[in-house]
Structure formats: C-alpha cells, structure tokens
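Enquirer: Sharing a structure below in structure tokens format, with a few things to ask.
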C-alpha cells in the first residue's frame, strides 16, 4: 500500500499544533524535522537529555520545521491541501507563528512509511527519573531510579520531545509525593498520566476532547502496565466534572487554559496543585493574571525556549 505524505513547512513553536491538525485531518502518523531539536544535540552520540542519537544520521533543517502527515493514498489531495493551509494559518489567533505554511504532497511506498521513519526515534531521558522509549526499542534502565515510559510516537500528541511536554514532566517530578488523585486535561498521548503513575500517583483520570487523541492515549497506556488503571474519556476540559483532586495537569494552549482555570479551582481540594504548560512567551502574563484573579498562588514558573510552565496551588483557607 502506498501513502500520501503531506508536508507542512512551519516554525518550531508550532510543531505540536501542526501535528495535531494533520492527525485530526486523518493522518495515520506524523514525522517531524525540527531545526531546534538538531541544534540542541551535543556533538557525538548523546543528546541534551541523554537520548541515543547520532546527529549525522538525522535529516535536519537549518531553520524552522517540517511536519509530514501520512495519509491513505485515496485522500482527495486538492481539497486537503488548502484546508490544512487554512487551519495552520489560523494558529496566529492562538499566538503561534505558522512559519512559511508551505503545504505540499508526495507519494511514498509502504516500506518508507512503515519502517524507515522508526530509525529516527530513540530512548529519550527527559527528566532525572523519566525516560521515554519507543515501543519497538529494547532498552534497559541506566540506573535504579530511571523509569521507562513506552510510547508509540507514530501519533504525535506530546511524545516528550517538545519543550511544553518536558516542562510538564519536570513539574510532575517536582510535585508528586505519592498517592495523589490526578486529573490530566487534554491528555493527548497519555504521557503525563503514565508519568504520574510512575512517580507514585494514586487515581488518575485523563480527558481529551478529541477521539483520535483518546484512542492514542489508550494504546500508549496499554504499553505501560504501571498505568493500567488510568481512566481515559472524551470530555471538553472539565465540563460536567465535579470532584476534588489533589493535582490537575494541562499541557494545552494558553487560550484554552484560560477557561480551564476556574474549572480547575473548583475541582481541586484546598492545597491542591494546578500544573500548566503550553504557554508561549507573550501569553505568560495573561496566564499569571488569570491564575491570581481566580485565587491561585503561583509557586514556580520555568521556561524552556519560548515556552513557560507554571505550578500553582489553591490556598488551604479559601476566602
């Protein structure tokens, strides 16, 4: 079976959003070539976070990024290309730079798609304790504290390579003490839910508005026995959810975090933590303001490239 590869030339900051658009339009998998990722690699075998990568083996760009979605060959390309172009262009409304937004199509054979792309994915140590491993890789932990998260990166919903995901994983590692009730909003690949379980969380509920993302999360959860009891469902943010969690996490765009803030406040226990990422530079003041207006206290803020992650808590004595 041949495939239609639709490539979008974009910016590094828009990689995850463009990946989502392609998957939402029917792509069966996504390949990313990001100049920022290549620039972060050390000379030699190991990457910035201990990943096993030979830089010379990676096709790379000098600037920007290219995201390729792989579609069944029978898709109607003349209709698909302008639709993708329009959706990528609208990313400006969310504070993201769509870059060149050049969209093109080519035919690739099954061998190219099914196996060749896998050689560019390798184990990636993203935090002090967490390493993301492609499901087909055989990998042994380097030390007793290293915990492995197995993912199928073919469906690119936050696979650990983007700064927003790394910021959130680092925040989880700082925050989880043990046995917390965690809600993962906009779960995507399920990576945050899996990480939470590895770090000692108790009950974990995960939600996403997108059915494709929910199915992707379920597949990844099944690869990780530690996360076998995580519940995943389709839901828009926390609409209709009425509970009291210890920790709520969300790696989503700032414009979507804004309506989530009051919902998170209502669904947290006093003293509960709210972890957010996916916040581009110029939106960080807005999120700080909205968190504080709601009554949250911001405990920590970290930045990676142009992205921010924040840890806030609900006061124990609510006015």
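For all residues, glycine too, the Cβ spot is worked out from N, Cα and C.
The shown structure was predicted, so the numbers you read here are calculated from the model rather than taken from an experiment.
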Enquirer: From the candidates 99, 186, 295, give the one listed by Swiss-Prot for the same S-adenosyl-L-methionine site as 165, 208, 251.
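Expert: Looking at 99, 186, 295, the one Swiss-Prot places in the S-adenosyl-L-methionine site next to 165, 208, 251 is 186.
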Enquirer: In DSSP terms, helix, strand or coil for residue 208 (S-adenosyl-L-methionine binding site)?
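Expert: In the DSSP reduction, residue 208 (S-adenosyl-L-methionine binding site) maps to strand.
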Enquirer: So, in DSSP terms, is residue 165 (S-adenosyl-L-methionine binding site) helix, strand, or coil?
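Expert: The three-state answer is helix.
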Enquirer: Run through the Cβ atoms and count how many others sit within 10 Å of the one on residue 186 (S-adenosyl-L-methionine binding site).
Expert: 25
Enquirer: For the binding-site residues 165, 208, 251, which Cβ has the most other Cβ atoms within 10 Å, all shown protein chains included?
Expert: 251
Enquirer: For a quick check of understanding: given the listed S-adenosyl-L-methionine-binding residues 165, 186, 208, 251, what is the maximum Cα-Cα distance in angstrom, as an integer?
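Expert: Taking every pair of listed residues, the largest Cα separation comes to 16 Å.
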